[in-house]
Amino acid sequence: MSNKGNTFRQAGNSVSGKRAPSKESATFKKEKSQKTNFPREYSDAQQKAVKILGILLIVLSLAFATAFVSYLFTWEDDQSYIAKTNGGWGTLFSSSEEIHDETVELPVVDNKLGKFGALLANQFMYEWFGVAAFLFIPVLFILGYRLLFKKSLLPLYRTVVYSFVAIVFISVTLGFMHGFMADTPHMLEGKFGFWTNKLLEAQVGVVGVGCILAFAYLTTLILLYNLDFKFVLFSNRRSKSLSEDLEDEDVEDSYSANSLRTKVHVEDDSIQSVRESFQRPTSINERFQSSRENNLKEELERPAFTHHPIPEVQIDPKDKVILTFDDSPLERTEHTPSISFTIDQPEDDNEDEEDNLHLQANSSPSITIAPQAEPEPPLEVAVIPGLVVEDIKEEKEITASDLVAQFGQYDPKLDLSGYQHPTLDLLRDYGTGKITINQHELEANKNKIVDTLRNYSIEIESIKATIGPTVTLYEIIPKPGVRISKIKNLEDDIALSLAALGIRIIAPMPGKGTIGIEVPNSSPEMVSMRSVLATEKFQKTDMDLPIALGKTISNEVYIADLAKMPHLLVAGATGQGKSVGINAILTSLLYKKHPAELKFVLVDPKKVELSLFKKVERHFLAKLPDEEEAIITDTKKVINTLNSLCIEMDQRYDLLKNAQVRNLKEYNAKFINRRLNPEEGHRFLPYIVLIVDEFADLMMTAGKEVETPIARLAQLARAVGIHLVIATQRPSVNIITGTIKANFPARLAFRVLSKVDSRTILDTGGADQLIGRGDMLLATGSDLIRIQCAFVDTPEVEQISDYIGAQRGYPSAFMLPEYVDENGEGSGSVDFDPKDRDQLFEEAARLIVMHQQGSTSLIQRKLKLGYNRAGRIIDQLEAAGIVGPFEGSKAREVLYPDEYSLEQYLETLRNN
């Protein structure tokens, strides 16, 4: 152990301090001389230049940091800009129009520092050293800080050298790791690291490169820190030796502090005698004394320290003497640090009280010697080199913020981190999406409307036309005194004069002082799904479940949030676009959501409408346990599925209750921030969308068995993220009952065949006056919006399903809870069949009994299983009577107290 800190540094002249009747404190210090900020040879102009250079370097480091951090998120666009402009720094001061190539799109730079930041980050990170270039930022900052404030944050030479070595090592190491990481951008290692690694691989191979890097890293650590590998091997032996010495300390320790009760005389030529006066060798100190003496002599003999006599202090034998040595490292400077002597005398003359002498100097470990009034007292404190005393602190409870700081937020998409959303190229473009204006048609329709109203003595002040993809809205303002009901009653007469189908009068227009007359266009435009999804409104929406329905009569893209509807009732006659509308809803959600965030439960009694989505089973579909088909076509299975969704809803409400939140969004936010413990049953909850294509068939075959769970889900499931889309061809009152209709505030009506059906679905007329082919009315509360549904064809849906199905998915579809009906028949096997139990059934049973915790997550974690398989095993354990039933977020009750009774039961199961 080095004794460099034990060296006495002397300052001042010899001073003696004697005991006085009153308390006095004498302190002797020699202050360091003041350093000038600039050398004397620097002129004022040079000093200003140095300061300006320091500011420039600090600003440049901040610019580097901004450009580099922004490049991590915008590197694709920045590289695309550089590639499209065929250049680099030569295009810095050129405008986008000057460098624009007509063959490509206008380049866009997203870097926060613009073109300069993109070029700077691309040069340092992509062309040179990769992410290791971030080390240039602290180097520039330290240089600027040194020049500006004349203070050194870190040793300048070491910082520059270490940073350069680290840049090279990090770049080459990331280049070596690039071969083991798929789809990682080359900006991580840069071209320097990539081609250096390739050059080394060509010579010594991949294993050789790994050995070279390991050798280089270990060599660097030895050169920098001089690692002692023997410490690990002999640490146990050394600890054992110290423990043996400590056992003999009470017997062999003969050290006495009486030597300090006499006069302490410290001079420059007698430092050795002072050391001997308070460090008499004991059985423990003997092991370290020789090294301390040698190091102390070496320090004293160094010419770098000037010799000054140490003050002489007179001490009364009754005084308590405490010598304290600071363990801070010494630096060789031309100025010696101060030495402070303080003698404190008590205010009264009581001989039992002791005075204190504090000797403070830059020396090694703290030593306290406190003689008592009794004769030959033992040594109170002796700091032994090499003996480490650690304070035992209470274990701090780990908080959610600590977990987030250590592991980051929980990422539900991590299991399928490589998932790619479908591209717009999978959808067909049926045109430009722009409406062709026929001025002659507009003028003719306007004149016919005005003439028809005049025939019935109705004068108007103005008329305005708004052109949509399918219909044109004519807004008229009647003159004062004209009754609105009079115009409303002329609906059939206006349709007769215009010779058009689907005339609808809106009197008055909501929120406007006009009357609207919707007239179909002679050449309606098709609204393609691609034109709707490509809009900025859909791409940048922050809705939880955005569905792109199409375009309104004002040619605006209409996007609704299914999470806020919260359920949707769809009705329409055969061939009017109802199936296309359901495909549009599914396509919108597939384009926007990740498989971890959304699951579909598809019910298709017709067996052909939703069969195209079978390929996305392992990504987006949910099904009952032990079911082969995820798309449900059997009526009995539909009942079980709906009741299983009710169980899922109840379980989710239990989780929300224990998490003390009100809806799914708040719950998932808590879980992502690691404020909920998975050991208590908490998990990330995806949205679940139930889509029933033909509800009338289910009501005819099942009736109340279907209506009851549908009504329960419609009433309660919104808060837990379960949403319903119910479609039917015949919206009669015996199909859409009052119980169901009351919980579906959002209703979507395609063309129906009668006004009665229109009133059933919309509570008003109008659906019978639509023109078909995707023309629909959306009722959301008091609003009634006419929309042309976005068209997505069957081949497009098939391409989207193929694109998603070709990617890596989950091992199976999302498993819903198992449902058992009153007759003992359910979605899975109710009776416990030993032949069908899992291979890990017995091992899981022993694990559950040993831990006395019936938790699915425990089986999943200990046996390294997926959640679905662990859930099936826990259900089998429940059926076998080993664990109790599900109790919400609590762990199941374990019914066997020990492993012995469990083994007896398992033996009985094997024999049966």
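Placed from the backbone N, Cα and C atoms, the Cβ positions cover glycine too.
Here is what TrEMBL records for this protein:
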BINDING   Gly572, Ala573, Thr574, Gly575, Gln576, Gly577, Lys578, Ser579  ATP binding site
COMPBIAS  1-16  compositional bias 'Polar residues'
COMPBIAS  345-355  compositional bias 'Acidic residues'
REGION    1-40  region 'Disordered'
REGION    329-356  region 'Disordered'
TRANSMEM  52-73  transmembrane segment
TRANSMEM  128-148  transmembrane segment
TRANSMEM  160-182  transmembrane segment
TRANSMEM  202-227  transmembrane segment
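Structure coloured by features recorded in TrEMBL.
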| residue | record | Cβ contacts under 8 Å, 6 or more apart |
| --- | --- | --- |
| Gly572 | ATP binding site | Lys578, Gly581, Ala727, Gln729, Ala749, Phe750, Arg751, Val752, Met776 |
| Ala573 | ATP binding site | Gln729, Phe750, Arg751, Val752, Leu753 |
| Thr574 | ATP binding site | Gln729 |
| Gly575 | ATP binding site | Gly772 |
| Gln576 | ATP binding site | Phe750, Arg751, Val752, Leu770, Gly772, Arg773, Gly774 |
| Gly577 | ATP binding site | Phe750, Gly772, Arg773, Gly774, Asp775, Met776, Cys789 |
| Ser579 | ATP binding site | Glu609, Asp693 |
Top Cβ-contact partner of the transmembrane segment (160-182) among 52-73, 128-148, 202-227 (pairs under 8 Å): 128-148
Same-chain residues at least 6 beyond the ends of the transmembrane segment (52-73) whose Cβ lies under 8 Å from its Cβ atoms: 110-113, 116-118, 120-122, 124-125, 133-134, 136-138, 140-141, 143-149, 187
Packing count at Lys578 (ATP binding site) (other Cβ atoms within 10 Å of its Cβ): 26
Shell list (ATP; ref centroid = CB of Gly572, Ala573, Thr574, Gly575, Gln576, Gly577, Lys578, Ser579; cutoff 8 A): Gln729, Phe750, Arg751, Gly772
